[in-house]
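S.K.: Before we start, here is the structure in question, set down as structure tokens.
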Amino acid sequence: MNQNVVIIGTQWGDEGKGKIVDWLTERCQAVVRFQGGHNAGHTLVIGARKTILHLIPSGILRADVSCFIGNGVVLDPLALFSELDELRPVVPDAQERLFISDACPLILPYHKSLDRAREQAMGAAKIGTTGRGIGPAYEDKVRRRALRVADLFHRERFAAKLAEALDYHNFVLQHYFKREPENFHAILEQYLELADGLAPMVVDVSVRLARLQAEGARILFEGAQGTLLDVDHGTYPFVTSSNTVAGGASAGSGVGPADLGYVLGITKAYTTRVGAGPFPTELFDETGVFLAERGAEVGATTGRARRCGWFDAVALRAACRVNGVTGLCITKLDVLDGLAEIRVAVGYRVNGVVQEELPGGAEALAACEPIYESFPGWSESTAGVRHWADLPQAARCYLEAIAERAERPLAIISTGPDRDDTILRTEIL
């Protein structure tokens with residue numbers, strides 16, 4: 001069995017990764033977030049209780065599991081403490097089991113102001129950002145202008161770096177976007193006060209994870225967003241600002257690639273997307289409405305309605321390739337219950353020419369017309385089914401067809417939001 005597993009979304013995010021992380025964590029000792037920030041939205045349902053996590057790893061709901069926020073994550077301390085406060089009635093020891101890399105870049109107030117100002121200025125061409133400062137924080141990291149968690153514990157160093165960064169960003173806010181500048185002293189005092197609360201959680205995540213591995217612990221790497229939102233491999237420029245693919249797990253945690261283990265690709269039984277960007281299989285008819293309503297397709301972070309469409313096997317195959325996916329997990333199968341016909345995009349037609357590979361970039365994808373293969377639906381309910389043999393024959397055929405198109409084995413099927421509404425086809429851990 002594999003010692004570690006990487007959980008990756010293979011679509012545009014919202015694939016149901018949080019539930020699967022929570023379910024698999026029963027067999028793990030640590031969970032690691034390695035990219036993104038509090039723009040993620042992982043919804044977990046346990047019994048009658050629903051918990052939505054944005055920054056803290058989903059393994060926090062399992063007792064005795066250590067949770068890590070790796071160096072690849074951009075950290076908003078205010079959002080972190082807010083989430084911890086919300087968790088406290090349910091997970092009173094969350095702060096004691098959470099560890100944060102000292103190398104995490106900080107999201108500061110000017111990042112949020114810039115994010116919102118930039119999005120508003122783009123008008124109809126806007127990307128659909130969450131407005132939480134994620135993109136500007138990553139820009140500062142690449143520009144080597146970022147303030148990191150470690151800087152919080154050195155007042156003079158933090159103040160000097162803040163002054164330099166703020167001088168630049170306030171100029172942009174005032175003279176380009178015509179916005180009010182951010183206040184240096186207010187930011188300095190507010191964030192230095194947060195340092196005491198952060199201090200017990202700050203560690204060298206790479207070293208801690210290496211020690212856990214040496215002790216035989218199983219580590220789960222929790223991806224946020226999805227492959228098609230990857231800054232390099234996604235539908236650029238309608239992407240997030242980090243590497244959401246499996247390779248990001250190594251760079252964003254300090255664990256070597258050879259130690260990542262099994263790569264589990266999570267995909268919905270249909271396709272959704274939040275925000276702008278091309279979406280070849282998007283539905284604008286009553287079936288699209290059916291999927292949105294039955295699937296409760298509203299973003300956990302933004303509250304925006306998700307766009308819905310048929311399953312795209314071309315995109316899945318590309319995601320499996322760039323992630324090195326070992327096995328597939330298909331979620332929300334129960335949403336398709338009752339449809340007479342289900343379609344899967346198996347290729348694209350571009351200017352009359354058939355192609356079977358996902359094109360790079362948004363412009364090329366926008367020109368693609370999907371070529372569909374049809375499958376019979378099923379009238380029986382799959383909600384809550386926990387054994388493969390209990391699924392309708394048509395549902396099994398549909399799932400097997402997806403796996404065949406992806407050239408990957410079926411590992412897990414999710415048939416509902418509860419952690420136990422799950423079918424295991426292949427042992428992972």
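Cβ from N, Cα, C; glycine included.
Owing to the predicted nature of the structure, the values given are computational and were not obtained by experimental measurement.
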S.K.: Can you match one of Thr240, Thr287, Thr326 to the IMP site that Swiss-Prot gives for Asp14, Glu15, Gly16, Lys17, Asn39, Ala40, Gly41, His42, Thr130, Arg144, Gln225, Arg304?
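M.R.: Between Thr240, Thr287, Thr326, Swiss-Prot records just one in the IMP site with Asp14, Glu15, Gly16, Lys17, Asn39, Ala40, Gly41, His42, Thr130, Arg144, Gln225, Arg304, namely Thr240.
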S.K.: Inside 10 Å of the Cβ of Thr130 (IMP binding site), count up the other Cβ atoms and send me the figure.
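M.R.: I count 24 other Cβ atoms within 10 Å of it.
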S.K.: So if I draw a 10 Å sphere around the Cβ of Asn39 (IMP binding site), how many other Cβ atoms end up inside it?
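M.R.: Here the count is 26.
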S.K.: Provide the number of Cβ atoms within 10 Å of the Cβ of Thr415 (GTP binding site), excluding the reference atom itself.
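M.R.: There are 26 of them.
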S.K.: For the binding-site residues Gly16, Gly41, Gly303, which one has the sparsest Cβ surroundings, going by other Cβ atoms within 10 Å?
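M.R.: Checked Gly16, Gly41, Gly303; of these binding-site residues, fewest Cβ neighbours within 10 Å: Gly303.
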S.K.: Given the binding-site residues Gly16, Lys19, Gly303, which one's Cα is the least distant from that of Asn39 (IMP binding site)?
M.R.: Gly303
S.K.: Do me a favour and check the Cα-Cα span between Arg306 (substrate binding site) and Lys19 (GTP binding site); whole Å is fine.
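M.R.: Arg306 (substrate binding site) to Lys19 (GTP binding site), Cα-Cα distance: 19 Å.
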S.K.: Out of His42, Gly303, Ala305, Leu333, Thr415, the recorded positions in the record, which is closest to Asp14 (IMP binding site) when you go by Cα distance?
M.R.: His42
